[in-house]
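Per Swiss-Prot, the features are:
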| type | residues | note |
| --- | --- | --- |
| BINDING | ASP535, ASP537, ASP539 | Mg(2+) binding site |
| BINDING | CYS1034, CYS1109, CYS1116, CYS1119 | Zn(2+) binding site |
Amino acid sequence: MSSFNKKIAKDIKKIKISLAAQDDVKNWSCGEVTKPETINYKSYKPERDGLFDELIFGPTTDFKCPICGTKYKKSDENTICEKTPMCQKYQPVILPKMVRRSRMGHIHLENPVVHFWFFKIDHSIISKLLGLRIANSNKTVSKGDLEKLIYYKSHIVLEDGGLKKLQKNAIIDISDAAIIYADALEELKERFEKDTEEYEIISEALAELESYAVSQTGQDYGIDFYEYNEIIHEFSKAKISTGSKAIEYLLENIDLKAEAEFIESEIEKINQHFDNNPTASIKAQERSKLYKRLAVVNAFIHSGQDPKSMLIYDLPVIPADLRPLVQLDGGRHSTSDVNELYRRIIIRNNRLKKWEETDAPMLIKQNEFRMIQEAVDALIDNSRKKPAPVTSKDNRPLKSISDTLTRKKGRFRQNLLGKRVDYSGRSVIVVGPELKMHQVGVPREMAAKLFEPWIIKELINGDSHINSIKAGKKAIENLDPIIWPYVEKAIEGKVVLLNRAPTLHRLSIQAYEPVLIRGKAIKLHPLSCTPFNADFDGDQMAIHVPISEEAVREARELMLASKNILGPKDGEPIINPAQDIILGLYYLTMEKAAAIDGDKVVGEGKFFATYDEMLLAYENKLVSLHARIALPISEINKKRLNYSPENKYIISTVGKFIFNRAFPESFEFIFGKHVEYVNKTDANGEVKLSEKEVVYTSNNKNQLEQFLLPYGQNFAEVIAKMPLNLPLSKKDVAKIVRRVYDKYVAIVTKSDVASVINQINANEINQIFDLCAELKDFNGKPIDVNHVEILEKIIVEEYKAISQEIIVRERTEEPIWTVNDYTKLLEIVWFKYTNIVANVLDNIKELGYKFSTISGTTISISDVITHQDTKSRIAEGDKYIELLKDYFDQGLMTDDERYNATIAKWAAIKDDIEKDLKKLTKLYPDNSLFMMFNSGARGNSSNFVQLAGMRGLMNNNTKVLKADAENERVVRSTVEIPVKSSFLNGLTAYEFYSSTHGARKGLTDTALNTAKSGYLTRRLVDVAQGITVREDDCGTDYGFQVKDILDTKTNTVIEALYDRIEGRFTNKAIYDKNGKLIVDADELITPEIATEIVENGIKKVEIRSVLSCYTPNGVCKKCYGKDLALNRVVNIGEAVGVIAAQSIGEPGTQLTMRTFHTGGVAGVEDITGGFGRLIELIDAYDSPWGRPAVIANYYGRITDIKRVKEGSESVEYDVITQEYKTRDGKVNTVEYKTRAGRKIRVKINDKVTPGQKIVEGPIVLNNLLRVGDTRLVQNYILKEVQKLYRLQGITISDKYIEIIIRQMLSKILITDSGDSDFFNGSLVDIHVYQKESARLISEGKKPPFGEVKIKGAKQIPLLSDSFLAAASYQETPKILVNASIKAQVDRLKGLKENIILGHKIPAGTNSNFEENGKYDLRNPKSYFADKYDPDIKTVKFVADENEILNMEHRVEIQHIFDEFQSEAFNANVIEFTDDSDN
């Protein structure tokens, strides 16, 4: 083991786990530990043969002889010291102290011990394997009986020796021992003649037994088993034993093959019973137990391991440095708990040796056996040890080996899956409005520490008079002013990763270019707040420095903040302006008319010759920001406007002209927002006029012409008559950002740009337009002229700039370009081209901040405007409540009905007051508060109602119990007396008190919700972590039919067909009504095609789906469709499983725990929403919250619905009768019974299909799978999950939910193994099952049969093919035990197992990605292989790039790195999970 090094770790292809036999332990061991001592109390040196012995575990000082203390050189490693006679005797090997982390020892146990995990975990593996049945009876030996046996509390009959009174495998307990032994001795006595010696001995023993059994001592302490065991064994072949020796005998004599055959025959019997009686639940349980037993027996057969390996003969002692003993100040020592547990074992083992030597009585030895067993149990798993764990002096349970593996603080999750990171730091964040999207402000002291090696390199290379690493280090530590220019130089071209915990989705870690700032806080770009969910009220963020060239390239290309504009969960821009910026833009785009606002509007109708003239007039207050003016159309700086040539002048406000300058020349001109009136049909079929807000732009010729005027018109007159545009709100700005993204996001690859740059020189600089025009976009179409112009402009500008630099640098007349110059040009062009959208966002940000400042928006109490009708509405409510009270007093309504009516009335009154106040917003458009919530900057109308109207109903903290939901009780979770005051008028003492309930409940809900949501994300990541995009096309012909997702209760659309098909591939060609092809099979449905499909009235579309993808352990590009974060087809290597988990988990916090109800019956409808329901679906609960739905079992029709009374209390039930046809054509009926009063979803004569709801409620997924097929279950889960999120206003793409559903239905329970290698009762992955079935059918053999099983998110990771991934999730001991008995091999296919081993994950840049795809991040020099490289001129061979660059300093910089790596300074943790302790 000591030879195991990092090189080997990199090459590991698979890992196998199996049981360690006695020989294995001895081979690992470097010596036996025989003494419980640790170190000498005087010399502090390890004791010989103790737990820290240097001869066994290695020296405590490098290359020092542990016996004579001689120091050796490194070159003497692995030699033997023979300096002294003692050295010659013990032959100590000279080793480095590092081996103390890998050299093991062992303790030879005098009596074998049963491994605790194998009889305690997973309902006792030993019990399942042995499956002991008591001879001549139907009784079996339970795992509890076996446990008593292991702890020497009872004995077992191993062989009956022909005695009828001793049944083989019978457990002899202390309570009935006397009777059993007496009967056995009686029977044995009859075998001998009366006067023989044997007869005498047995008679004597029998008499002694009878007299002792009735005595007080016998009744108190029981009989001495050993004495009678010996007598019985001596005179017959019967064998009775106890403890580990009995288990050893049983394991040695088990016939595994016979046992497997017996279990299979038992299962066959039960299956025959099932054919006659399909609903026998007791038999189902019995079969399930047999399946589990068969799995264990088969595991030992297939792995070929000896079951006796579950006993411990020699106990391994883990390496000394993994259980350290640390010296504290004051001469005290602190030690790992494991040492204390080992000490107890050694002390007891040594005491047993003494008893053996002195031939002590068997009872004393038995007690010692038991104590050793318990001591080893405590070492292995102290927390599970019964009755109580072993505690330390201060009564704390000691941490055993299991505890160091499991849970959040265990080895897997703390050290293997999350590590502390060098080159990192953390600080508070403050806003940096002056930063660009791709920049972060790093405090310069922090940068000096983070980039220390690079800075030292610059200092040594520069003219700083610092010429050694030590001097450089000192200058940095003292923050010598000389270093700052070199710090600037060192961070050039570097990127840093920024992370904010909790890391809920991939945008919680992004890359930025560092900018040095003074101060101690990190400066964050304000638009980056949304993806990080950060604010500036004291949040902290961590910075990490990627070191290698590949890491920097990956961070820059894939993680740079300016490239992550779209959110992965819905494909919409996640970087949207908000708050101050929105307020500024709203103010900037407001329009005012002189006729209405009078003097406030200066200069309306004026004409300016140029944009600059207009700006000058605005700055000199000759024209106001909101005044409409005219400019020549040439001055607005827009290309390709479609308008009549005679209209030369354009009308807008000064603010809009300024606003439009933020966008590129080829982007449309935005005029503002108009309200249009359109006819809309409502749910009842009535046509009503409804308002629709439309942003007018120059893209629409009709809209543009409204704002254009010909030469010679009276501008002032025309403008005065024109209607006012509305200002832009948050939603409008978000739509504009989306349009900017769609138009200007990069549509060519880096290699395309490189191919253009490769062809240019000074003579061909004019042909760049033609070269760019030849490029194709990601869909293989010629690129848009806007992109050609942008690329041409950037390349020409940068080419000229670099040429000039070369001329200055080389002092030549003509620039001589080298590969480095081409690379530099490519990097700059690529950055500028991919940064256009971010630039526009930065422009918008700057405008927003500037004009929100200029607007001078403030709020005061006078801004809170009230409505005169509020008081009368509240009075009307009081009157109505009085009326309800009268009705109740007269017995006309129940108290629950009165309560519900009260709640409903107050909710309606609050809604009316809100409508009244909304009307006021139109009358006072300049009111600061109204501006804030009309623009979407902060707050909304319901906040304003609390300020100016009434606070309304308050929640209290009444808990809704499961029983309430099942019995449909009205739960009074709302205080029925509302808070009638507003904040403006002030609350009364009672109202203030009433408000505290809701506020407190809100805070506790949020805290609980965050923890639960984090745990959900963790479970989902474990479910889907291995799923990546693996190939182009899996070739499936099996599609997934989608239509609008409807809420059948309210008949409203939850998710429209358009949203479900856009960005997916078709499975079959789609034609319109006239048979014209809209889109062919296997084509991507673009937004345009999706619109056409919907407009043609097509209601159902068959698409390619993850749910029908044939790619094992992943998906193919066609079945997945579009990568929402890039808005183009997904790339091979994308870790879509993790993205899916994050997209579902991240908004989990927003799914409220409490159930929104403002009245109405607090029944199932209210309660089934929210987070609880999501957990129910994803964990596939068998008893969901509330009453489960009643579903149809067959195809047929409803023939009768009637109400009946039953039982002594005359409980009313509804009985629904369905008629259906059996397979042989007979007509049968089936009755569904439910408590009266529940909502029935069918009528008489309705046709029903299996799985259709007959009575309202949540459907139990297992029941749905039983009556329907997997497609039915898939559709139901998808619909329910989408309903939960969409009702809360959260958009999540279907494909993410599909990935999780696919995993939930990915296992098949084998019911008939056919000719396959599977065995009955095993759970097999669906892809493995299909592959094996196909193979057997092709060979003409019998394929296996099975049924799909639905598994919840809690169980799926535990069923993973990788035991490493499963063990690091939950239930670690159970996973390791089951894997070890199978001798399971982990082939390292998923992400987690590779992280555990320190390998690169098999995704992204380490996958078989396609050329020029997202993950093809090659060295930019490779694009210019034919160009002159000055770095290679003195080198004969083309070396690795690291060897080429900085030849003279490479060794030096490597030395700096090595020194730093060993120091591991300023370490930090990237937190990948939430802070909940799950």
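Here the Cβ of each residue, glycine as well, is placed from N, Cα and C on the backbone.
Taking a C-beta cut-off of under 8 angstroms and a sequence separation of 6 or more, CYS1116 (Zn(2+) binding site) has the following same-chain neighbours: VAL1029, ARG1030, GLU1031, ASP1032, ASP1033, CYS1034, CYS1109, TYR1110.
In this structure, the CA atom of ASP539 (Mg(2+) binding site) is 40 Å away from the CA atom of CYS1119 (Zn(2+) binding site). Taking a C-beta cut-off of under 8 Å and a sequence gap of six or more, CYS1119 (Zn(2+) binding site) has these contacts in its own chain: CYS1034, THR1036, PHE1065, ARG1104, SER1105, VAL1106, SER1108, CYS1109, THR1111.
Other than ASP535, ASP537, ASP539, the residues of this chain whose Cβ falls within 8 Å of the Cβ centroid of the Mg(2+) site are, in sequence order, ILE429, ALA534, PHE536, GLY538. Excluding CYS1034, CYS1109, CYS1116, CYS1119 themselves, the residues of that chain whose CB lies within 8 A of the CB mean position for the Zn(2+) site are, in sequence, GLU1031, ASP1033, THR1036, ARG1104, VAL1106, SER1108, TYR1110, THR1111, VAL1115, LYS1117, LYS1118, TYR1120. CYS1116 (Zn(2+) binding site) falls within a strand when secondary structure is assigned with DSSP. Cβ environment of ASP535 (Mg(2+) binding site): CYS529 lie under 8 Å away, each six or more residues apart in the same chain. Comparing Cβ neighbour counts within 10 Å across the binding-site residues CYS1034, CYS1109, the minimum falls on CYS1034. Local packing around the Cβ, expressed as the count of other Cβ atoms within 10 angstroms, is greatest for ASP539 among the binding-site residues ASP537, ASP539. The secondary structure of CYS1034 (Zn(2+) binding site), as reduced to three states from DSSP, is coil rather than helix or strand.
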